[in-house]
């Protein structure tokens, strides 16, 4: 595991942290913008391989689904090796995937090279970048997240016209070679992620684990001294302990107790539903513009308009979310952003000319930036920084299913009806439903938390409850003495850990 020697005791909330934000700006920007920027090539690749809209949409869908679905793997690697080596390795995978894609001779090979290999490389860029910001920032975390997330619109604003230029001069194969070289900049971004603070698992958890291991060694040593030469009981106990150790090691990397967390479950369900309509409008925006007779560069410029507005919206949203009026109820703000995003898609079919699409792109960019700026901040607000790594991994693997299906379903609607408007209506309706669900359930969650806090305070103020608890503690201390004084600190640490894990 990464060493913790010489690291700062807490988040510096500035200083070198802004260098880390710049690195995250690059890696997050590529992770989010690159799958969208590839939409510029879809029309030509579709004609080259003779595929349908739904088949070509699988390229972006597989890439996005792999980026999100590999979240738990990325989280485990970050817990094991740290953010820096994981991001550097992910950058290498991205370059290899795109260079290999330049030599593909079938759409299935594109699925593998662009979808799986490059998508997995982007996953190794996304998760560590989000995680390390949480280690460098606490009070200014919403602002830092907003600035880092602004990398996506900046990259998209750059990639959209760049991809069109590369295609006009080098074709899609030559463009993929150049894009593979550009993605190697993720390795440079990863080099900026200097480790800081304790490992993702808390120091207290590590102390408890070390105490458990020491206790097991002592018990095993005593058993060897007192047991018969056959040592049959000792072997049976060792097998049981090995099984428990395996489960403990898995739970150390991915905290499955989060599925008992009410706020986490609400967030998970709402986001899984939201991603069914989140990416399809971006994937099909440029093809839709070309379909209604707009020239290629003007169609690509729509993505640039969206990205410019998105770029402004993300840090602005971070500043608003960090204010004392919004941050205590940031979940409501997030719910509104999702519903606003859906409303934009429902109104998109009314845009029948280029001016209408420009207006749609402006509002879409605003709504998209608001959602993305708070996507991970709201999750960290619910579960805390200590459990955030596991939470991101579990959320992304659940989201990958709807991310994988969203664009192909949209492509199927286009193939079936021969019109793009049904795809936009589907995406809008799903996102309005997701925003409404999150708003209602978060209201319920806040009320339940207030009731639980009120009961807890009333219990603390009740003299009978306090006396009963004190008696229980005294009884526990008497039992603890029988076990020996060296076990008391370990039991106290275990009790504290249980309270932290079960807390909501």
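Just so it is clear, glycine is given a Cβ too, placed from its N, Cα and C backbone atoms.
Going by TrEMBL, these are the annotated features:
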- 17-35: transmembrane segment (TRANSMEM)
- 17-446: domain 'Major facilitator superfamily (MFS) profile' (DOMAIN)
- 56-77: transmembrane segment (TRANSMEM)
- 89-122: transmembrane segment (TRANSMEM)
- 143-162: transmembrane segment (TRANSMEM)
- 174-193: transmembrane segment (TRANSMEM)
- 264-285: transmembrane segment (TRANSMEM)
- 297-320: transmembrane segment (TRANSMEM)
- 332-352: transmembrane segment (TRANSMEM)
- 358-376: transmembrane segment (TRANSMEM)
- 388-410: transmembrane segment (TRANSMEM)
- 422-446: transmembrane segment (TRANSMEM)
- 454-472: compositional bias 'Basic and acidic residues' (COMPBIAS)
- 454-504: region 'Disordered' (REGION)
- 488-504: compositional bias 'Basic and acidic residues' (COMPBIAS)
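Taking every recorded stretch in 17-35, 174-193, 358-376, 422-446 and counting its Cβ pairs under 8 Å to the transmembrane segment (89-122), the highest total belongs to 174-193. Away from its own ends, the transmembrane segment (17-35) comes close to residues 11, 60, 63-64, 67, 87, 90-91, 94, 118-119, 122-123, 125-126, 128-130, 132-133, 136-137, 144, 147-156, 159, 179, 183, 185-186, 188-194, 279, 283, 307, 372 of its chain (Cβ-Cβ under 8 Å, at least six residues beyond either end). Tertiary proximity for the transmembrane segment (56-77) is limited to same-chain residues at least six positions away from its ends with a CB under 8 Å from its CB atoms, namely 31, 34-36, 38-39, 42, 45-46, 86, 107, 110-111, 114-116, 118-120, 122-124, 126-128, 131, 253-254, 275, 279-280, 283-284, 389-390, 392-397, 399-401, 403-408, 410-411.
Contact between the transmembrane segment (388-410) and the transmembrane segment (264-285) holds: at least three of their C-beta pairs are under 8 Å, each pair 6 or more apart in sequence. Between the transmembrane segment (332-352) and the transmembrane segment (143-162), fewer than three CB pairs separated by 6 or more residues in sequence fall under 8 Å, so the two stretches do not touch. Counting Cβ pairs under 8 Å to the transmembrane segment (143-162), the top-ranked stretch among 174-193, 264-285, 297-320, 422-446 is 297-320. With a cut-off of 8 Å on Cβ pairs spaced 6 or more residues apart, the transmembrane segment (358-376) and the transmembrane segment (264-285) reach 3 or more such pairs and are scored as touching. Within its own chain, the transmembrane segment (297-320) is flanked in space by residues 33, 36-37, 39-40, 142-147, 149-150, 152-157, 160-161, 163-164, 282, 285-287, 289-290, 326, 333, 337, 354, 357-358, 361-362, 364-366, 368-370, 372-374, 377, which lie at least six positions past its ends and keep a Cβ under 8 Å from the stretch. In this model, the domain 'Major facilitator superfamily (MFS) profile' (17-446) carries an average pLDDT of 81.
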